[in-house]
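Trainee: Please see the structure below; I have some questions.
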Amino acid sequence: MAPPKLIFYLAYALCLCLSCSANSVVSSLESDGRYDQKQECMVLQSKVCTDLPYNRTNFPNILGHQTQEDADREIESYKALINVKCSSTLKLFLCVLYFPVCNVLRAHLKPCRSLCEENRRKCEPVMLRFNFGWAENLRCDQFQYHSENKLCINDNSTDNQRDSQPAEKSLLTFKCPDVLLPGRLKSNPIKIGRSEVSCSLPCNTTFFASQEQRRFARHWVLVWAVVCFLFTLLSVITFLLDQTRFQYPERPFVYIIMCYCMMSAVYITGYGLGDSVSCATNPNNPNATRVLVRGTNQNTPCAILFMVEYFFMMASSLWWLILTFTWLLASSFQWAQESISNLAHYFHFLAWAVPAAMTITLLILGEVEADSLTGICFTGITNRDILLGFVIIPNSIFLLLGVVFLLIGFASLIKIRRFVKSQSGGRTEKFEKLIMRIGFLGALYIVPAFVTLGIWTYEAAEMPYWMIGWWQRICTEYGITCPAEAAAKVAKAAAAMAAGGSARDYVALANQQREVAEKLAVEQLASDPASVELASQLAAASNSEPRFEFIMLKYLTSQIIGISFSLWVWSNKTMKAWYRLLQCRLSPPRQTANSNNGATVANGVSQPVVDPVPDFRHPMLAPQAQSLLQQQQQQLQQHPNNASRLAYFSNEEQRIII
């Protein structure tokens, strides 16, 4: 039996240890949370915080509310989010903050940081869809991870050992660095691997980190945009000078050129504004990395540039479809120009209303993203679903339907050519020339449009791999898990388990070596056997990035259609129209006097002004028409001052031309 003095000394030493331990815990609580000896426990009365592991609380709480009524009014705003069930632990997390647990230590126990991060990861994307960001007083960096000397409240279903380390719950899951968290910027979540997280993208290092590439891209886009703008602007002015020249079915030409004029103006504006539109600073952390604008509430000029660019891009595709449809009506169904013109209001409604509806839909969804290479904003740059649904599929439908209409019109022209040729060896040079012109015109649009669609499809197919490659490039800089290393650890764990070792032995070895990542790798395999396939995808995509030359080709083909269509408009008639305009502007007026009721003075005698009598002889007129016009010409010579009859005969000539 031990001596009584020895037992006494041992008991005394044990009491000292327990006292020191309690003091350290209380001191940590005093430093981490509010500590007030006068706080009294009270029954929890909130209707939101029911069915929890505790039912007694004390005030003031962690957030500074003095009474339960004050805290209950604020937590009511989260009731709808709790009912959505975006996270099973959201209710516990919020109630611990607003109605802290009353405990024997008489100090507030804060929620663990891992509990906060889990709820933010799951619920913030839901909040962003309704234009609400994660509240400032719920920031996760104010909480601490669970450890032996720092107590916090966590969900019992979570792994406490995993929570004790600031590591991801899944080794293969992307975790957004703190400096890239959107905060009040409220951007839509991005997809990286199997993760969908709310995270911003760095302004200068998303896909093309090289400054030389970015500088070349800006100048490349600017050159082609300026050329396209000048050519299309001159063509639009030509149309305004002589609107009667462009009638249906040629009128949609002009509207396509107008659309490309506006699109090129957007690129020029993006170059002039630099990064002021495409990049933004997080108001929560002004010293953090500048990030690309994502969403519609971060930058109004960005939203405006997106609206103009996307609207006119879709409008140009629809006008192409209308152009080929009117060509089909004229060539295959022999519709006259007046009949096609009667449908003009339907054409305008289709060409402008559909792009407007699609643009408004994207604004409501907030799917607006800045393009770091051009400085403008577009959609679907990192979201393949939006790129497919709002860019690739609609443009593919419009382009293919236009090709079908064009081919049917070609078939009709070829049929007419054969008929004319079979009739006593008729001359078909005009038909052949017309077929060649239409075919060349179709190629000017179809070839660049198909190239652009091909590059968009390439972007949609490779986008998941590019995002993983971006994760790999920034992981070391921002201190997060790298996908290539994580994939290697999962593969190593899978190989060890396949060789006959048990998961328990491998976890024990990982714990002994303090390899938390390898432990998580085994846990990842145990919870999700498909992780091996995901790990192989991460390893294969860790070096993926877009082909720079393909992206530059996309910007070229997006402008070349406007340039080629403008060149098509420039003909002898165009030159004559500009010549007449310049002649009218530069030449002095030829009439010297008009004070005597339109009379001129010659040798002191006032004489009436007589318009020259036009020569109505025309090689395309039938013999009967020639005879009729000769009679009308003789009558006109007898009445030289009858301007109304002159106009009538001029119109009559145009009417009876065969």
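Our numbering is plain: 1 for the first residue shown, then up by one each step along the chain.
Placement of Cβ uses the backbone N, Cα and C atoms for every residue, glycine included.
What TrEMBL says about a protein is an automatic prediction, not a curated fact.
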Trainee: When you check TrEMBL, which of Cys86, Cys95, Cys140, Cys152 turns out to share a disulphide bond with Cys116?
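Mentor: Of the listed candidates, TrEMBL names Cys140 as the partner.
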Trainee: For Cys41, what is the disulfide-bonded cysteine listed in TrEMBL, choosing from Cys102, Cys112, Cys123?
Mentor: Cys102
Trainee: Would you mind listing the long-range same-chain contacts of the transmembrane segment (343-366), meaning Cβ under 8 Å and 6+ residues beyond its ends?
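Mentor: Beyond its ends, the transmembrane segment (343-366) has Cβ neighbours at 128-129, 131, 187-188, 248, 251-252, 255, 295-297, 303, 306-307, 310-315, 318-319, 322, 326, 379, 386, 390, 394.
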Trainee: Please work out the mean pLDDT for the residues of the domain 'FZ' (36-155).
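Mentor: Within the domain 'FZ' (36-155), the model's average pLDDT equals 79.
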Trainee: In this structure, which of the disulfide-bonded residues Cys41, Cys49, Cys95, Cys140 has the fewest other Cβ atoms within 10 Å of its Cβ?
Mentor: Cys41
Trainee: Taking contact to mean 3 or more CB pairs closer than 8 A (sequence separation of 6 or more), are the transmembrane segment (220-241) and the transmembrane segment (552-570) in contact?
Mentor: yes
Trainee: Mind checking which residues of the chain, 6+ beyond the ends of the transmembrane segment (552-570), have their Cβ under 8 Å from one of its Cβ atoms?
Mentor: 216-217, 220-221, 224-225, 227-228, 231-232, 234-235, 238-239, 253-254, 256-257, 259-261, 263-264, 267, 313, 316, 374, 441, 444-445, 448-449, 451-452, 455-456
Trainee: Quick one: give me the count of other CB atoms within 10 A of the CB of Cys116 (disulfide bond).
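Mentor: Step by step: centre on the Cβ of Cys116 (disulfide bond), count other Cβ atoms within 10 Å, giving 22.
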Trainee: So what's near the transmembrane segment (310-331) in sequence-distant terms, Cβ-Cβ under 8 Å and 6+ beyond its ends?
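Mentor: Answer is 248-249, 251-253, 255-256, 259-260, 262-263, 337, 339-340, 347, 350-352, 354-356, 358-359, 362, 378-379, 394-395, 398-399, 401-403, 405-406, 408-409, 412-413, 438, 442, 445, 449, 558, 561.
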Trainee: Given the disulfide-bonded residues Cys49, Cys95, Cys102, which one's Cα is the least distant from that of Cys140 (disulfide bond)?
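Mentor: Closest by Cα distance to Cys140 (disulfide bond) among the disulfide-bonded residues Cys49, Cys95, Cys102: Cys95.
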Trainee: Measuring Cα to Cα, tell me the gap between Cys116 (disulfide bond) and Cys95 (disulfide bond) in whole angstrom.
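Mentor: Pair distance, Cα basis, whole Å: 12 Å.
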